[in-house]
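The structure appears below as structure tokens.
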Amino acid sequence: MDKQSTFQDPKEKHRIQRDVKLSRPRKRFSFLDYVVVIFLTVVAFCVRAQRLMNPAKVVFEELRYYNYAVDYVNNKLLMDVYPPLGKLLFSLVAALTGNKYELNTLDEPGQQYPFTDVAYSMRLFTCLLGSLLVPLMYGTVYFPTKSKTAASLAALFVIFDNGLITMSRYIMIEIPALYFMSLTAFYWSVYEAQQKRPFSLRWHTSLLSTGVALGLALSTKLSAMFTFGWLLILAAFHLWNLLGDLSVPMYRIVKHLFSYIFYLIGVPITVYLAVFAVHSHIAYKASVADAFLPPEHRHALAGNRFDDQFADVAYGSLVTIRNAIPEHGYLHSSELLYPEGTEQQIISLVDEPNQNALWIIEHEHSQDNNRSNIELLKDGSVVRLRHVMTGRALHSHEHKPIVSNNDWQLEASAYGGFGFEGDANDLFRIQILEKKSKHATSNGTVETLNTKFRLIHVFANCELMSSHRRFPDWGDYQREVTCCRNCVERSTTWFIESNYHDGLPSDSRKITYRKPGFLESFVEHNKLMWLKDRKMGDGHVYESSALTWPLLLGPLRFFYEQHLQVFFMGNPFVWYSVISLVAFFVIVQIFCLARWNLGYNDFGPSAFHYNYNIGKFVVAWLLHWAPYILETDRVFLYHYLPALYFGIAALGVSWSFLGNAVFGNRTAYKALSVIIMALMFLVYRLYSPFTYMTTLTKSSCRALELKGSWNFHCNTYLDNLSDYKFSSDAGETYFEKAAPHPFVYSEDTAKKSEGDTPLNKNLNDYYPSWDQRVEAGYKLAAQQKAEQEAREAAEKAASEAAERSSSEAAASSSSESVAAASVEAERLAMEADEFNGASETVDGASVEAERSAMEAAALNNAAESTEVVGSSPESVASEQEENVAESAQARVE
């Protein structure tokens, strides 16, 4: 009786029917399914394609991908941090709709598209891929739920999300990448529907299709690695369940394991390699992007000719020296001087070799600089690098560099000139790096192209280094070179690219760059992608933290013109529904886990089925969102779209579960579904002016700023809709530029110094002029030395003449003193005669006469002594006074 009543219970009967329905494998869509899918896809396309060329100008990162497509059409190499498939697809559209010889790259965002039919076709292609997300979402939800209502609801969420619509309207790589990720999820859902029939043809084809789709996703954008990780987790979960099923023999588990390895690892890698093979076949011509490639890869491109070079490097060789980091370029100098500090000649790096990148290797002792005596460079050789065009030597000293200005770095400069041998601060020691010199000979000598070495300053013990900084305008924005202590080896590694020595026999061994194979080029390209992805520029005004994405805290403005704007803005109803579901699912899992620990089992077959399928999409949401939390540079709101897609899939499966487990009345369930669809459509319409760049009033715009972090720049719009009809003001054009790209040169870096003329292929052409300048320099130095010696001799003669003139002046002064003393003596003698004749004053006169006579005698003696020995004026005067006194005394007597 109880058993019969149980089967008559409507809820229990519905549960049993549901479990049977979910366990039955679904072979194909029904006719009604196809009708629904086609209808929804057409609606999605119409929603995305309206006003597609509004604006008909370059928007945000369209510039990058449009130019990439043009480069592919012209068979030029391009470098990007993303794999090539998405750009190849854009180039295919451009090639089919445009003239190869008329397509040119564009300069900046906001620029008018020269050929609107090409741009329209490329945007239409993105629009088509965005529309195809709808049938993929429908199938992804339908296969695990068998619910048309839930699948349709999820598809409508994709159709009317403003963010997905916006990204589907522009030439950007996000939608192609998302399309292949969603294709991977779709085929995995098809595969899981075949679990009851393992190793059948449909089982193999669905798993193979999953691997192919995953390979295409990885070939479009590396963020598909998150999808790859998600599939590995699901495959491991399936294997774990098989291990727990004792009815499954071990050989079948091993077959499952090898099937997963082949289809989910081997097939994607094969597809990835195939895409790069197509890329290498199409992009075979040289371009500005090849500066980032290692030299052997760069010179393998058409248009980059490189002549054979002498293998042996000797003193007297004329060389160009290149840093091991490809984009850092060639050691260079010119007439530019540091504006402060030592004010010596600047040492820098340039992207392309030119005459100012030529150096001649001199011996540390000038008397050994004889090119006819060939002495090869080896490990430990001490050299002086002389700049060919200016004659100055590479130099370093205890001065901090102006730009880097670090204590562990010293300034590198060029010092001296032709005819100046230089000083000890010009000397550098060569240290060969054996591990990096893979293809060099093992005889310990320096070999062109193959030997990697350091240049170590002999006295400062610092290493010549390529800096990551650039000079400002006074240094023509060239890359700085310093001499550093304890720095990164890669920045201090150099090699000689061009080498010529007129003393070497013409039949001497010569070498050139070897041509790398496909796998080597593949590895190098991917290594550059991974490395450069870590150096994506200086950020952007609209980059945001991934923690804010699920709550849609900040819209991203793409474009503004004539009081109209384009924003990347998601549908708040869709985005908040997704994050609410994720939060609710986590809470339910915690609650069920707590009950399970208490001995309760809340998971029957149906509940477990839904819990697994909701959980797998929540895990996908987490894997496609959480890694961006660790990123701090160049992360934008639209990077959340893959996570949003999987969140919508989880939402669709959850809605099916609610319909089966909660709503006993199917009519109420479907009515509520219609209400949700209507609310979603209403919110889409409210924010559509930001999607399609249509008119909006200031007041309506402000009403849409529901959160404090939303800023729609509402003052951009006019006060009334009628004002747009009469407004002749075109307004200011505004566009957001993408952040600087690591594989794109800025305009500043393209500047060249004066004298940076192209380098002749035959370096021997520079030897005659070099020898002439050296000879002229030494002649000038000898002439300057002779002139200096003549100046020194003249100065010495002038000094001696000045001394003689001073002595003669002193003697003349002494003669005048003697004459004055004689006059005084005669006067005293006359006075003495007068005293002699006066009898009444004889005694007093005698005393005075004696004194006067003594003074006169002293003066006379001094005068005689001065004439004989040339005494000083003071002594002469004293002796003269004594002589005069003696004479006067004699006369008195």
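Note that the numbers count up from 1, one per residue, in the order the chain is shown.
Including glycine, each Cβ sits where the backbone N, Cα and C put it.
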From THR116, THR390, THR451, THR492, the annotation phosphothreonine in Swiss-Prot is attached to THR451
Outside the transmembrane segment (224-244), at least 6 residues beyond either end, the same-chain residues with a Cβ under 8 Å of its Cβ set are 177, 180-181, 184-185, 188, 195, 210, 214, 217-218, 252-253, 256-257, 260, 264, 268, 616, 619-620, 623-624, 627, 642
If you measure between the CA atoms of ASN370 (N-linked glycosylation site) and ASN443 (N-linked glycosylation site) and round to the nearest Å, you get 24
Taking every residue in the domain 'MIR 1' (310-364), the average pLDDT works out to 89
Given the glycosylation sites ASN370, ASN665, ASN720, the candidate whose Cβ has the fewest other Cβ atoms within 10 Å is ASN665
Same-chain residues at least 6 beyond the ends of the transmembrane segment (124-144) with a Cβ under 8 Å from one of its Cβ atoms are 22, 26, 29, 33, 36-37, 40-41, 43-45, 48-49, 52, 89-90, 93, 150-152, 154-155, 157-159, 164-165, 167-172, 175-176, 178-179, 182-183, 185-186, 189-190, 192-193, 609, 613, 645, 648-649, 652-653, 656
Residues near ASN443 (N-linked glycosylation site) by Cβ (under 8 Å) yet at least 6 apart in sequence within the same chain, in sequence order, are none
Ranking 77-97, 643-663, 671-691 by Cβ pairs under 8 Å to the transmembrane segment (147-167) puts first 643-663
Whole-number Å distance separating the Cα atoms of ASN665 (N-linked glycosylation site) and ASN720 (N-linked glycosylation site) is 48
For the transmembrane segment (610-630), the distant same-chain contacts (Cβ-Cβ under 8 Å, at least six residues beyond its ends) come to 144-145, 185, 223, 226-227, 229-230, 233-234, 545-547, 549-550, 578, 582, 585-586, 589, 603, 639-640, 642-644, 646-647, 649-650, 653-654, 656-657, 660-661
Sequence-distant contacts of the transmembrane segment (170-190), meaning Cβ under 8 Å and at least 6 residues beyond its ends, amount to 59-62, 65-66, 69, 82, 85-87, 89-90, 119, 122-123, 126, 129-130, 132-133, 136-137, 139-140, 143-144, 206-207, 209-210, 213-214, 216-217, 220-221, 223-224, 227, 231, 234, 558, 620, 638-639, 641-642, 645-646, 649
